[in-house]
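Engineer: Input: one structure, supplied below.
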Amino acid sequence: MPHIDSEAPAPAAEAPTEQLTRLPFPPVTYSHILHCSYHHWQPRYRTLVPKSRAIRLTAPFVKYLRADGIVLPPEAAPPTDDDNLDTFSDDGADEEPDPSVEWPEIHNQIKSTITEYGGKVTPKLNWSAPKDATWMSATNDTQCRTANDIYLLLKSSDFISHDLEHPFDDCVSDTTTTDDSSSTPPEIPYYLVLRKYVNFNPSLEFRCFVRNRVLLCMCQRDQNHFDFLFPMRDSLRSRIQTFFDEKLKDTFTDPNFVFDVYIPPPHDRVWLIDINPWAERTDSLLFSWMEILHMKDPVDDAPLFPEFRLIKRDDPEAYAFTTPQYSAHKLPKEVVDASISGPGGMSEFLGKWQDILAKQAQESDSDNEDQ
């Protein structure tokens with residue numbers, strides 16, 4: 001974890017006396033995950049979020065997102081002088097089928113929303129944005145100008161795959177307090193959220209942690225040092241606290257949650273960006289979940305001074321250019337797993353890879369001899 005600057009002592013609790021095998025979260029219910037889905041909370045906080053549109057997805061479109069491979073609808077190319085030359089035309093014999101014929105209404109809604117929002121949008125599903133797939137984008141961010149830009153990001157993202165395949169991992173039904181794998185998860189109404197593209201300043205986005213409707217702590221989201229944030233810390237904390245007290249504290253469905261805000265210049269308005277589950281799957285960023293879970297509640301309704309963590313200038317781990325964010329998602333899973341298991345695991349993987357290459361070379365030589 002990067003070194004942080006903390007001007008106020010955290011409301012820490014005593015360290016646990018026995019070794020824990022898992023973080024002491026309360027049971028995460030199916031309903032809590034659904035309450036953190038964009039389609040659930042956005043209508044209630046419509047005036048607090050950037051301009052966006054949620055498109056209800058049909059079963060054929062969800063099936064398309066889940067399918068292996070990336071097949072994009074054809075895009076009309078501008079006419080050229082070569083269009084009149086039919087010498088080498090194959091009449092489209094090798095063209096892939098158009099997947100959008102199975103969901104034309106979704107395709108048209110996406111295109112019309114892009115036009116309505118000035119030609120640029122950023123996509124997400126119920127919980128996640130495809131931030132891990134920006135390496136597939138020509139702009140190296142989640143900015144999308146066409147429907148195919150959106151499909152490419154969604155189908156290239158592990159985060160989106162998790163929304164589709166594992167939204168209820170480690171969850172329990174609302175009628176039990178223990179892990180019950182036999183319970184049937186509820187059906188999920190999937191939505192594609194298209195937000196009007198705004199060039200966000202990542203230094204001004206903050207993550208805030210709420211337990212029992214008390215704002216415990218907050219921190220910057222981008223893990224780089226920003227010197228200008230330090231003189232602003234008290235005023236930013238005050239604005240976030242006021243925003244929470246007036247807009248979220250008594251209105252969000254659950255008492256425990258994590259929310260993200262954005263406070264652009266002139267820093268007098270707080271925008272709600274996302275609401276996340278109070279669960280280990282949510283990145284605790286500059287805190288550890290263990291210290292958050294062991295923070296003490298205020299006594300007798302005494303006001304709590306939430307800790308606001310920022311990254312210091314002299315933190316060598318704070319400069320993200322050394323390790324690009326989501327870099328692990330750009331590699332095959334086998335490579336990531338091998339690197340996690342240490343030098344031995346990577347050596348074993350490289351040995352297997354060399355064997356595969358050698359076998360392919362032998363097969364290629366055999367094919368050449370047969371010709």
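Cβ coordinates come from backbone N, Cα and C, glycine included.
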Engineer: In Swiss-Prot, which of 73-101, 160-188 is tagged region 'Disordered'?
Structural biologist: 73-101
Engineer: Same ATP site as LYS124, TRP127, ALA129, LYS131, ARG195, LYS196, GLU205, ARG207, ARG221, ASP274, ASN276 according to Swiss-Prot: which of ASP149, ASP234, ASP254, ASP260?
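Structural biologist: Among ASP149, ASP234, ASP254, ASP260, only ASP260 appears alongside LYS124, TRP127, ALA129, LYS131, ARG195, LYS196, GLU205, ARG207, ARG221, ASP274, ASN276 as ATP-binding in Swiss-Prot.
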Engineer: Taking the Cα atoms as reference points, how far is ASN276 (Mg(2+) binding site) from ALA129 (ATP binding site) in Å?
Structural biologist: 12
Engineer: Using DSSP and three states only, what is ALA129 (ATP binding site)?
Structural biologist: coil
Engineer: When neighbour density is defined as the number of other C-beta atoms within 10 angstroms of a residue's C-beta, which of the binding-site residues LYS124, ARG195 has the lowest density?
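Structural biologist: Ranked by other Cβ atoms within 10 Å, the binding-site residues LYS124, ARG195 bottom out at ARG195.
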Engineer: Going by DSSP, is ARG221 (ATP binding site) sitting in a helix, a strand, or coil?
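Structural biologist: DSSP call for ARG221 (ATP binding site): coil, neither helix nor strand.
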Engineer: Looking only at LYS124, TRP127, ALA129, LYS131, ARG195, LYS196, GLU205, ARG207, ARG221, ASP260, ASP274, ASN276, which the record lists for ATP, tell me the maximum pairwise CA distance in angstrom.
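Structural biologist: Max span of the ATP binding residues, Cα based, is 21 Å.
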Engineer: State the three-class DSSP label for GLU205 (ATP binding site), counting H, G and I as helix, E and B as strand, and everything else as coil.
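Structural biologist: Note: GLU205 (ATP binding site) is in a strand by DSSP.
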